[in-house]
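Colleague: The structure's right below; bear with me while I get my questions together.
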Amino acid sequence: MTDIPRPEGSKWTEDQWEAIALDKKPMLVSAAAGSGKTAVLVERIVRKVTDTNNPVDLNKLLIVTFTNAAAAEMKQRIGKALEETLAENPESQHLRRQLSQLQRANISTLHAFCMNVIRTYYYEVGVDPAFRMLDETEAALLEDEVMEELFESAYSEESDFYTLVDYFTGDRTDEELKRLLLDLYHFSRSHPDPETWLADTVSIYENSENVPFDDLDWVKEAKNYVRLSLDGAVSMYEQALRTAEAPGGPHKYIELLEEEVTMIKNASSAYDWENLKSAVTNFHFKRMPPVKKSDTDIDSDLQKQVQNIRDEVKKKMKNTAKDYFSAPSDVLTDEMQKMAPVIRTLTKYVSLFSKNYQEAKLEKNALHFSDLEHYCLDILRDKESGRPTSAAYQYQSQFDEVLIDEYQDTNFVQEAVINLVSGSNTLFMVGDVKQSIYRFRLAEPGLFLQKYKMYEEEKSGRRIDLSKNFRSRETVLHAANFVFSRIMSEAIGEMEYDNAASLKQGNFNFPENGEEETEILLIDKQQYGDDDEEAEDMESSQLEARAAAEKIREMVDGGFPVFDKAKNTTRAVEYRDIVILMRSMPWADTMMEELRAAEIPVFADLNTGYFEAVEVKIMLSLLQVIDNPYQDIPLASLLRSPIFAFDEEKLTEIRLFAPEADFYSALKKAAEADYETSASVIQQISRWRDAVKSMGLAEFIWYLFDETGYVEYVGGLPGGKQRQMNLRSLYDRARSYEQTSFRGLFRFLRFVERMKERGDDLGKARAVGEQEDVVRMMTIHKSKGLEFPVVILAGMNKQFNMMDLNNSYLKHKELGFAARYIDPANRVSYPTLYYYVMKERLRREMLAEEMRILYVGMTRAEEKLILTGSVNNYDSSLKKWTGHLPALEIPETMRAGAKTFFDWIMPAFFTHTDSEPFLQKAGIPVLLQQKDLSRWRALRIPAASLQNAVPALSSKPEKLEAVENRQSVGVDITFVSRRFNWQYPYVDATSTEVKKSVTELKRAGEDPYSGSLWNQSAPVFDRPSFVQETNFSPAEKGTIMHTVMQYIPFSVETVEEVKKEVAILVEKEIITEKEAEQVNYKQVTDFLAGTEADRLRRAEWVKREIPFTHGINASSIYENWEGPEEKVFVQGIIDCVYKEEDGTVHILDYKTDQITNRFADASEAADYFRKRYKYQLTFYKKALESAWGISIASCRLYMMEGRMTLEIE
């Protein structure tokens, strides 16, 4: 415990306070979902900075976050807390200094920190400090280029390279080998020393003959997996024995089962490989004793259950023998020896590629994100000794503490950097390993787990568990605890879900609502009626969407109660309160269609569909034809498009001009024959091919937009605005491409192809925004860190994606690289034992990741959790999920064999008393179940019942149909008259704008003859370039001066000092050099030397450039307003607001208006400007008083020309 007592009445729990206040040793805070970890981390930082006895400067802390958004939020929270503390201690210069340091504080992602290290110590690694960052697609193109050069060189010089080609390529192309080299390169970069990882991989093969077989690491791993398989068989037998011993059980089987389970246990205890192999491969299953019809005390169902379990054990033993003992040990080592030269050559080319790729990036003065960590590591760590360098020691002395957020997502390289920077200083790590779901980014949860176990005994650090959840209702927490306490273990899940890991209720403000069950919606696709042909073809995504739609409609229409935390009251659920979470988004489009058909508004931020948009395909076809017209499909697409509008008949006739040639040659033949417009098409394409040579790519694409009128055309189609946005996105992407090291149309098209291959879809623009009252749909990954009143977890019976395990090669951070054994001479391949071992390790790690993903999904819910899934064969699924009953414990083999989320959830559910009605309806005997705090309700929904779930379009109204049939309809003439004479009551509102600027209001106020505001619009054309280059308008000069006044420190006094500050603004790209030339340094210096600046220096606080939006009645602006009152929102920016020592608050506005030669004397000028700006400053005052709830003591103008201060009354 900490020596600092928790403040009386503190909102912090004991564990939270310990995490905030404890010091002087490394700490790991294991913060469960919803436990307030970010608040704890911020409070710890603020406590250190504001400690009255031993305050720490912010620049003495290194705070590492997972994302830039998290870093920005962290700064915002710290800044808010410091401002509140400063308000209580206004005399504290230390707090003022911390606030001024906040934006420069070391609060960033680790990539950003590494970038700063490299720019500081660039000379240590030979990197230009002005390097730029490659984006993923440019990096992929550069990789392709370097790989092509490497292969050209290898084919011409290296004989051993051909062995690789034989091993790892198909018959026609070497692309597979290229992908393998790239894959190994990227994977090796997740290791602190990639070359060491590659060398260790080779040594695994080379040492297979020099080390006793049983002592090989991969053989030890194999023996472990065999024993786990045998232990699973023992568990299954124990379950069979419990069933056989139960009333009505097949008691005649007991003796044989006991004999066989003893044999399996003996086999599992075998130490060496040969004995283990002998025990498994020679295992003999005897014939089971017969059960006669006269044995009436034996239940046939229980008998069948025991027989099925034994059959499963037989299958398990057979598969174990096949996977692990199919070859003698000398053959296994011989395979490894034969593969050693191939693996050595493979790693050699990975290293060569790495070297060439690094050189190519340095030539372009560009780095990739992974380079940042490795260059940083090279700066901080001595390559020979592995010890910290002088640069590392400098950082260790600079930082009093290093704080890591989301520590569970750290990888090995990042861990090495953190350790080198922190040294012996206090290291504070916070995260939740149960939420480590970024395996695809090579995050390493094992780092967290290692400290989690080690710090539990306080040997080298302290572990604090934050298990109180302040997000969710008790029912959600109980449901999560119930499931994960039964499925998550160290063997399957990588950690025990024990009392320390379980969620405890922290929020007791939720009122009772009588809706506290977690629901399971199980859609039975087997239950179709005889005539349900349409239903048979329905996808699982459609069925689940319809089931979800019915549930959503039921909750919204029924006023399902949710607790509004912000208003501290219960209200009816709204669409915006509901989210549908999925493991991945392939179902998203189908589900959205179904929900919209059910009239449920839905939004999903999809990053797919852009390259499939017709308008984008057509424009890319045009670019492909301009690059190379001898491409049949792009040319046919272009001709068929609205750009040339050829129909199928014309295309067919063109083809007949040259049936065997490419389509462009046929088109030229058609042009020679003067067929239709073929000649003009050829000329147009030729003209475009000439034009592209003299233009930049983005400029050329815009030129094509103008030439073809295609942007305007698609604007007239349904969804026109989105289509136009899609085309402009292509232009924007071309502009971004031109910022890279690549040029030209051909490479841009390759750039686009690489984006498609990588799945870097730009995503179509969406008409509905995230803030609307809509049901949201997203992946579980996207939802991490978010919370929603109602969560529907969909696709619970969708199979896990284990496709990577079927590759011809596998890779693992510890086990190295395993490929299938290949005999090039006979062109056969098969998996080695080493391959099987790595496959099983990866499979278990992937299962653990899936389990953590399920945990994240279930813990997003605040009040209601609904799980949906569909099954093709209900009976077999039920049999699988209840196979462990009557045992309450779910066997490891069952958990390890899970292929879907429901394979974990449903077996757990069937051990709960709430499953009794479900089991009884299914005819499954209920022998023993467990009471639990969680409450569940499961519904079996026949798929046929969802066939007509979506409302059909309403039929044609009867009166309309009668009119179309020229029949008489009874319509009241007064009704018709009333409809034709109706007038819209809000006519004035149609000619007003919903938002105005203060400047527009001021102008309206200046014109006594104006009945409405000026209708201003932007100029149609930009100012000519020669004007832009030489002259600035008075308004532009005023903007420049306001920018300088926004950033200039009030401590500056001389012209030279002002110039230095302006130079900094230029360096930071806040203003340009040409704009800096327009700064009137004398006016700025005069202000700083005057009484107004002196007041600002003495002020308690000063805020500059404060944006605001304030609503006022339209009738107060528009003199001739008629009809119901409307609000107009006025926006503006207040130059400066400050609070003086006496507590009064004042507004100061700078003006750069010309005074010289305009007025007879200062008095006339003062009267003029007071009148001119009175409305504007009066409005500022009203807006600020309304928004801040304070009284403004005065509003003053400072005229930069003339050094004149005017008070506005």
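Note that Cβ sites are derived from N, Cα and C of the backbone, with glycine treated the same way.
Predicted automatically and left uncurated, TrEMBL annotations should be read as such.
Model, not experiment: these values are computed from the prediction.
Look at TrEMBL and you will find Ala31, Ala32, Ala33, Gly34, Ser35, Gly36, Lys37, Thr38 tagged as ATP binding site. Taken from TrEMBL, the feature domain 'UvrD-like helicase ATP-binding' applies to 10-473. The domain 'UvrD-like helicase C-terminal' feature in TrEMBL is assigned to 501-785.
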Colleague: Starting from the Cβ centroid of Ala31, Ala32, Ala33, Gly34, Ser35, Gly36, Lys37, Thr38, the recorded ATP site, name every other residue in that chain with its Cβ within 8 Å, sequence order please.
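Modeller: For the ATP site, the extra neighbours are Val40, Asp432, Leu466, Asn469, Phe470, Arg471.
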Colleague: Do you know the mean pLDDT across the domain 'UvrD-like helicase C-terminal' (501-785)?
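Modeller: Overall, the domain 'UvrD-like helicase C-terminal' (501-785) comes to a mean pLDDT of 85.
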Colleague: Taking DSSP three-state, what's Ala31 (ATP binding site) in: helix, strand or coil?
Modeller: strand
Colleague: Just how many other Cβ atoms lie inside 10 Å of the Cβ on Lys37 (ATP binding site)?
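Modeller: There are 21 of them.
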Colleague: Quick check: in three-state DSSP terms, what is Gly36 (ATP binding site)?
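Modeller: Reduced to three states, the DSSP call for Gly36 (ATP binding site) is coil.
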